[in-house]
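Colleague: Have a look at the structure that comes next, please.
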Amino acid sequence: MYIMRSSFNFLNLLVSDKMIKKIEILNNSYVEEFIEKTAELCNPSSIYLVTSEEDKEYIRRKAIETKEELPLKTLGHTIHFDHPLDQARARDDTFILTDDKIPFVNTKKREDGIREVLSLLKDSMKGREMYVGFYSLGPKNSIFQHLAIQISDSPYVIHSENILYRLDFDDFKGNKQFLKFVHSKGELDIKKRRIMIDLKEDTVYSVNTTYAGNSVGLKKLALRLTIAKAVKEGWLSEHMAIIGFEGDKGTHYFTASFPSGSGKTSTSMMGKLISDDLAFIREINGVARAVNPEIGVFGIIQGINSKDDPIIWEVLHKPNEVIFSNVLMTEDGYVYWEGSDDKRPERGINYEGFWSNDMNKPASHPNARFTVPLTAFKNLDENYDNPDGVEIEGIIFGVRDYDTLIPVVEAFSCSHGIVTIGASMESARTSAVIGKGDEYEFNPMAILDFMPIHLGEYLGNYLEFCKKLKKVPRIFGFNYFLKEGNRFLNSKEDKRVWIKWAVKRVEGSVDVIYTPIGLVPYYEDLKTLFREMLNKEYTIEDYEKQFTLKLDKYLEKNERILKLYKEILAPKEVIAELEQQKERILKYIDKYGKRISPLDLR
């Protein structure tokens, strides 16, 4: 058996005999080396390996003992507070380590970045315990699986990992490679907050932060690593939900990509839940099949109420393992968040300290979160952990657009959908990133924040993936947020109709109207669906307000996106699709004018 004697001599000082035996059982020199190097760098007082249900319970206790989490009245519920300036993903402090300049990617020279973050991590765990968690991204015993190790001095971070990911110690036996994540909360000096992503070594370093988007490695930090892997290997690692929607001919699985805070989680609750956030997609025998790399949900809590979100509401109120973060803890040991239909409390504690109702400040942060296991959801699909994944028949790209995009459109083809819908996404920014709310930003596939490589290379892989498929999913563009003045033109429940129409398109049971930007529903089909699903009268005036094409606005958008992709030297196929779309729009403007109702195209 291969044993790193130098490693074991060092680790024996920090690790119990029981833990040493666990490492010996693995017989994995990469694991030994990773733990040793991190321990030597961060200088913890002890090391604890998280490999079993017993260890998960230990982490729960440590989270309470260290006061990183506080217990609440409801059994299994705890609350965590992040630093007031550490409430969202830190774009400006997150770097892809490469010597190349990449459009839209925050890069730093690899050598400089490694040197900087290692200096910040030096002795960062002094006086603390170092936790080592062994996980599987994706179902075990699956072609989709990627192994990962998270090292952290934060019980909250490891507790979150234990809820969100499959603990999988045994699969590290033998010299298997894995993704590596090193996190230390350090001194929580926000000026020295750094997240460094080293694609060359499949390693992410994170320091002086606890917000989960910056610290829980297997979440959005791992997404950068797996996107790069997917492009090299010809599959897709996506910021997408996976949902099974019921149709007349059975369950049809869709992926759904929305920017944060734009409807992805609520859409996931409309069907059978497999994933609310991430998807690994592979071509298997000519079919696109997908799995959820996770087994939990880290969701935005603001606005969740019993009427609009009954499933999530139930999950958050029943005895169950839940970590609330950056909401209000009430005096009687419960929680409150903005948009909840619980009674607003008079006072409590939040991430800024004492709060009272007369302070005229929100009780919770707009990016406050909940972390729960998938098994808590009553709409969980039976295939959520299927190692073979599920067949994807539809792909949804959704945005938060107040002015231009119609509620639902279907692409002419896979490449048309990828380029003119997915790769052309512009959406109002939300509080999940540090910056101004409601600013429009270019966000293709809702993944630009996590892009580790050239966007053109990523899109090229998407287009090639499409070509490999014998059975191609239909692609749809969704927009739940169209307004007339300051008034939304749709209710939250209306999304059920757009989803049902997409399902009927997959089943081939409704026809469409051809327009220059894609295929749109007939009024009569939507009227029927509104009546059947929502018991609601859908008028022809509603239809015209929602589906009249603002061709001048679509043209402006097309020009912006085309210019952008030309500047970054995107693949020729991307440019061609956008130029063809431009030609179609111009022809229709010449014939019908700048605004056109689908009723005039029948």
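Cβ coordinates are placed from backbone N, Cα and C, and glycine is handled just like the others.
Fair warning: this is a prediction, and the values are worked out from it, not measured in the lab.
Residues annotated as substrate binding site in Swiss-Prot: Arg89, Tyr211, Ala212, Gly213, Ser260, Asn367, Ala368, Arg369. Annotation comment: Swiss-Prot describes Lys220, His239, Asp277 as Mn(2+) binding site, evidence class sequence analysis. Swiss-Prot lists Gly261, Ser262, Gly263, Lys264, Thr265, Ser266, Arg369, Arg400 with the feature GTP binding site, giving sequence analysis as the kind of evidence. Under the heading active site, Swiss-Prot lists Ser262, citing sequence analysis as support.
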Colleague: Secondary structure at Lys264 (GTP binding site) (DSSP, helix/strand/coil)?
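Modeller: The residue in question, Lys264 (GTP binding site), is helix (DSSP, three-state).
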Colleague: Rounded to a whole angstrom, what is the C-alpha distance between Arg400 (GTP binding site) and Ser260 (substrate binding site)?
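Modeller: If we compare the Cα positions of Arg400 (GTP binding site) and Ser260 (substrate binding site), the gap is 10 Å.
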Colleague: What whole-number Å value do you get for the CA-CA distance of Lys264 (GTP binding site) and Asp277 (Mn(2+) binding site)?
Modeller: 7
Colleague: Where Gly263 (GTP binding site) and Arg369 (substrate binding site) are concerned, what is their Cα separation in Å, rounded?
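Modeller: Approximately 15 Å lies between the Cα of Gly263 (GTP binding site) and that of Arg369 (substrate binding site).
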Colleague: About how far apart, in whole Å, are the alpha carbons (Cα) of Asn367 (substrate binding site) and Ser266 (GTP binding site)?
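Modeller: Checking the Cα atoms of Asn367 (substrate binding site) and Ser266 (GTP binding site) gives a distance of 16 Å.
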Colleague: Measure from the CA atom of Asp277 (Mn(2+) binding site) to the CA atom of Ser260 (substrate binding site) and give the result in Å, rounded to a whole number.
Modeller: 9
Colleague: Which whole-number value in Å describes the distance between the Cα atoms of Lys220 (Mn(2+) binding site) and Ser266 (GTP binding site)?
Modeller: 20
Colleague: Going by C-alpha distance, which of the binding-site residues Ser262, Ser266, Asp277 is nearest to Gly213 (substrate binding site)?
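Modeller: Out of the listed candidates, the nearest Cα belongs to Asp277.
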Colleague: At the Cα level, what's the spacing in Å between Ser266 (GTP binding site) and His239 (Mn(2+) binding site), rounded?
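Modeller: Just about 15 Å between their Cα atoms.
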Colleague: Starting from the Cβ of Ala368 (substrate binding site), draw a 10 Å sphere and report how many other Cβ atoms land inside it.
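Modeller: Other Cβ atoms found within 10 Å: 25.
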Colleague: Could you check what DSSP calls Lys220 (Mn(2+) binding site) once collapsed to helix, strand or coil?
Modeller: helix
Colleague: Give the distance between the Cα atoms of Arg89 (substrate binding site) and His239 (Mn(2+) binding site), rounded to the nearest whole Å.
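Modeller: That comes out at 15 Å between the alpha carbons.
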Colleague: Report the residues of the chain - excluding Lys220, His239, Asp277 - with C-beta within 8 Å of the mean position of the site's C-beta atoms, for the recorded Mn(2+) site, in sequence order.
Modeller: Lys219, Leu223, Leu278, Ile447, Phe450
